[in-house]
Each structure stands twice: as structure tokens, then as C-alpha cells.
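Contents: one structure, followed by commentary.
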Amino acid sequence: MKVKVISRSTEDFTRERSKDLQKVFRNYDPNLHTQEKAVEYTRALNAAKLEKIFAKPFIGAMDGHIDAVSCMAKNPNYLKAIFSGSMDGDIRLWDLATRKTVCQFPGHQGAVKGLTSSTNGELLVSCGTDCTVRLWKVPSLNFDSTVDTSKPSAIYTWKHAFRGVDHQWNSSIFATAGAQVDIWDHNRSEPINTFQWGNDSVISIRFNPGEPNLLATSSSDRGVVLYDLRTSSPFKKVIMQTKTNSICWNPMEPINFTAANEDCNCFTFDARKLDEAKVVHKDHVSAVMDVDYSPTGREFVTGSYDRTVRIFNYNGDHSREIYHTKRMQRVFCVRYSCDASYVISGSDDTNLRLWKSKASEQLGVLLPRERKKHEYHDALKARFKHLPEIRRIVKHRHLPKPVYKAAILRRTVTEAENRKEQRRQAHSAPGSSSRKPFRKRKIIKEES
């Protein structure tokens, strides 16, 4: 008779030391685990609840300004540095790790309306309502105090006030927005080129991160204009129903940009087709003042007049997160950190606030087991996200009472407009009127 013996090596199951982890072998045969789906659903439910328990996004406030924070800029050379400018002309460099002011750049006699940093991070360009553009030398990576920040390295005086500035990423050229679009060089005291389309002032300006000669601007005549430095003329313009306050290009898909609008929405456009928005991002209940993309290009953050900060997916029509505090006032500027881990907001109450980009994310170094656990929980929530209980827990957000009531009012008005349009369509002759999709409804016309 032949006898078969199951043989196991004791080395596979015996720990060398008492503190070693016990090896666990799992059989994935569905016949052996008939309750697997129910067990994982319970785990997903617990993971969704734990995410809410540990959701504490606010890290701290950085106070020092004595007037409203009007603009911010990142230093591409240093991960934890942020520049901020205020309405009283004060410019500060902050260390996000300590939440302290490293140095100040005095000199502006009016509100600072635009800040940007050169590609190498060695120069800071500022502009304001005092009709001057100033270039400042920035302290080195270790914040060397030998750099003199009390005086700018160059001052350019011009005929009109400035509303915004942005630097080209591959040269010494920067552009300013004001009564017109001016292109400057570090080594020239006057603009090397000037663009204008209409007689209205330009509000914001951004260079394309993929094509350095392409830039987008928004103006007070409700227009969004694209310029090409190689043709020395604007080549495309779209006029919307309401004014656009800020523009930001997607760093990973440089053909797309998002516009923060006065009508409480953000519109994502394809630069090749401006007659229709790709996505309309809703949820704010007041004018959206600023927008900034994450370095990954998958999310962007917005700041609004309704005193909240929201985070959207690049292709999502509703926000995935809303941040607010009792003391925070109207948010004028927002920025993602260079590693996409944090969000910085500047508001009317003179403070900068530091937030986590993921509200329940654990700070500090994660052990491999902890990281795998978080990944497993995220996978469970993604697998069961369509189920009602988990969807309700994941999507629930506590809103300030004014925002909550304003959202209900906006929803009521929107539903009334939709009913009115449906009745108009129903009582019109066939083919006499057509209903525009919402992505085209806010756009008046495209010019080229």
C-alpha cells in the first residue's frame, strides 16, 4: 500500500525571534470563504467611518500681515516656502514647517496684486497698484540671511496699476496684467511687447506650463483671451456671462485650463475648443476668487467669497472636500504645495492657513504595514462606494449655516429655471427653440 504524507517545512511556520511577525497564508478559493463579500463590506463601512473620525484637515494659521492677504506664490526651488502679499504692500516669505516668517520684502506703496517666482527660484517678481514692478533676490535654500531683502534688485515704473504677474518657465521673461498685457525682460526697463484686445483691464494672467509662448488672461469685460508670443497678437477669445477672476492651466494636460468665475462655478476648457466647457465644477455659493492645480494635475483647489476652500477632481462636477473655520473670512488666494500634500489659503482676516490636501491623511513617516492598511481601506471604499450607506458616509460634509442655506436657495432657483425652460419647450412649436446644454449656456460667443 502506498501512503502519501503531507510534508511541511517547520522553517516556514516557525519564528526565529518572539517579536517576528507570524506568517499567515490565505486561500483565495471562493468556496472556502462564502462570507468574504459581507466581511469586506463591513470593513469598508468601518473604514469610511474611521476616515470621518480622523478627518482633521486644519494644521495651523500663519499670522503676521496686518491687512488682507491678496496673492501668493510658490518657490519651485524649495518645498516648504511660500510667498504672500497683502493689501498694505507687505510681502513675506514663510517657512511652512515652522509656520514662521523668514523675511520681508518692503517697498510697495499700495496693494500687492501679483507675485511670481522665477524658474530657478532665485528671483521674486511682485507688482501692485502703485504702478511698479519689483524684482527681489530670494534667500537660498537654507534661508541664508546674507541676502539683502530690504531693497529690490530692480524697479520698473509704468503708466498704470498692475493686477497680476506670471513668469515664463524657460527664460527671463515675465508678463504683467493691468490696463493691457505687457511682456517684460529682467534686463530691460520697459516692456518688450504689449498686447491688447478691447479697452477693458486684464485681471489675471498665466503662462502655459507646456508651451512657454502661450498665455491665457481674463479681463473685466468677461472675456478669456489666449495670446501667442510668437505671433505678437491675441488669437482667440471667449466671452462669458460673468467675469472670470482667475485662471490656472493643468500641469499634466497643458491643453486644458480652469477658470474661476463670478457665477459661483469653475469652468474647465480645452484651449482648442472654447465654445463649450469640458466640465462645469459647481458647489460654491458665491464668487470663486482663485484656483490652483495640484502638481499631479488630478485635482485643483478653489477659494471663494463664501469663506470656504474646496478641492475638486479635475473631471468632477462636485467638490470632494470643503474646508472652513469660524474665523476665516473671504478667501482671496489659494495654492497647493509643491508636493501636493498641503493646501495654503489666504483670506480677508490677514491670516494664511495651512490644510492637509487629504483631510484624514496621517502625518509623519508610515511603516510599510500602515501604508498597506491604508491602501487596503482605500480599495475597499472604492469597491463598495456605490452602496447607499457607504456613499452617504463618504459624501457627507458639515457646512457653515450661511453656506448651507445659500446652497438650498441656489438649488431652488436652479430647479425653478429648469421647470420654466421645460414648460417653454413643451409649449413651443416643434423645432422653433432648442435648449442649450449647461456647458454652453454660460458662454456668449467665441471670437478669433
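We number each residue from 1, going along the chain as drawn.
Using N, Cα and C of the backbone, Cβ positions are placed for all residues, glycine too.
Unlike curated records, TrEMBL annotations are generated automatically.
The shown structure was predicted, so the numbers you read here are calculated from the model rather than taken from an experiment.
What TrEMBL lists as repeat 'WD' is 62-104, 105-146, 281-313, 324-365. The domain 'Sof1-like protein' feature in TrEMBL is assigned to 357-443. Per TrEMBL, the feature region 'Disordered' maps to 416-448. If you look up TrEMBL, you'll see 436-448 marked as compositional bias 'Basic residues'.
Model confidence over the repeat 'WD' (324-365) stands at 93, taken as the mean pLDDT rounded to a whole number. Counting only same-chain residues 6+ beyond the ends of the repeat 'WD' (281-313), those with a CB under 8 A from a CB of the stretch are 245-253, 258-268, 319-324, 328-336, 338-340, 343, 345-347, 355, 357, 400, 402-403, 406-407, 410. Residue counts for the repeat 'WD' (324-365) under DSSP (helix as H, G, I; strand as E, B; rest coil) come to 0 helix, 18 strand, 24 coil. Across the compositional bias 'Basic residues' (436-448), the DSSP tally of helix, strand and coil residues reads 4 helix, 5 strand, 4 coil.
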